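Undergrad: Right, I'll just put the structure down here and ask away after.
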Amino acid sequence: MNGQPLTGQAPDTTAAPLRLGTRRSALAMAQSGMVAREVTRLTGRPVELVEITTYGDTSREALAQIGGTGVFVSALRDALLEGRIDFAVHSLKDLPTAAPEGLVLAAVPEREDSRDALVAREGLALGELVEKLAGAGRPARIGTGSPRRMAQLNAWAHARGAQLETVAIRGNVDTRIGFVASGELDAVVLATAGLNRLGRSAEITEHLDPELMTPAPGQGALAVECAAADTALAAALAGLDHAPTRAAVAAERALLATLEAGCSAPVAALAGWVHRSELRLEGVVGTTDGATLLKMSAHGPIVLDEAAEQQAAALGRALAARLLDAGAAALMGERAR
Ligand SMILES: NCc1[nH]cc(CCC(=O)O)c1CC(=O)O
């Protein structure tokens, strides 16, 4: 290897600090802080956080209107390419599926809880909440900015003849939870991983079963990116990589990339290891109103070697092709051919 000790090295205060670019949001700072500590532990190098403001942080427009989740990522990537920072940490689910020129995904650390979480009034679970408000003669008002979450909440309600209303919201975790505290909304849906990383898991009133609410591709996982030319840093950061997570998210993202060709419909995907060398992938495509939800799964033997990511991606593409054959393209409206 490269002669770096594997664990527990004290920071070498004489070495120039590595510059870790981060957004200013509490979640980004928490994620970057965790990775910074791990990099120092593995390499002995001090890490300094460099704040980068992205358009997604300053704009109040709905995310869909300003060009999707890539807005959170592009300012960090520009800083990397211009050499203003040495590496960056992204939420993997915010990372566009297209590989960026000049950058490498140096590490995908072990994934946090991938499930979505309900934060509801009075500590209620989804079923309880809907039932209670039905008794009061009105639908539960549930906030989320995500078409994927809307589609699955609405499909769940259709299936049990329940009444709920999805309300489009955006903002940081504080803002979103604030809608419930203020009584404006009865509940919001957020990623468990984000709440855990912010030390706010106590506010979760239900972890939503992936059968009800399949997460976004890559949810709960982080991406550590650096310049491809910085091969020594890339090799050092590879110490943070978790091969089973990397292969799982490769399957999820390949499914997304294949379906994405010309559409912006709600897509969910979750891959998990059935056992050491068998990956199971679930994919969901639907309409935001929940009237139609197409769900399929695939599994394949995958050995965790250098080819694992490619094999996992092939599993994702194959499942996407089956979803398309089953009508995903029609659900998604116009699809470029
Ligand atoms: N959409 C923004 C975003 N990107 C990553 C996370 C949470 C952390 C993760 O999924 O890894 C969140 C917040 C949320 O969806 O509640």
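Every residue, even glycine, has its Cβ placed from backbone N, Cα and C.
Caution: TrEMBL annotation is automatic and unverified by curators.
Here's the feature list from TrEMBL:
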DOMAIN    18-233  domain 'Porphobilinogen deaminase N-terminal'
DOMAIN    248-324  domain 'Porphobilinogen deaminase C-terminal'
MOD_RES   Cys263  S-(dipyrrolylmethanemethyl)cysteine
Undergrad: On the 0 to 100 pLDDT scale, where does the domain 'Porphobilinogen deaminase C-terminal' (248-324) sit on average?
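TA: It averages 93.
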Undergrad: Is it possible to list how many residues within the domain 'Porphobilinogen deaminase C-terminal' (248-324) are helical, extended or coil according to DSSP?
TA: 30 helix, 27 strand, 20 coil
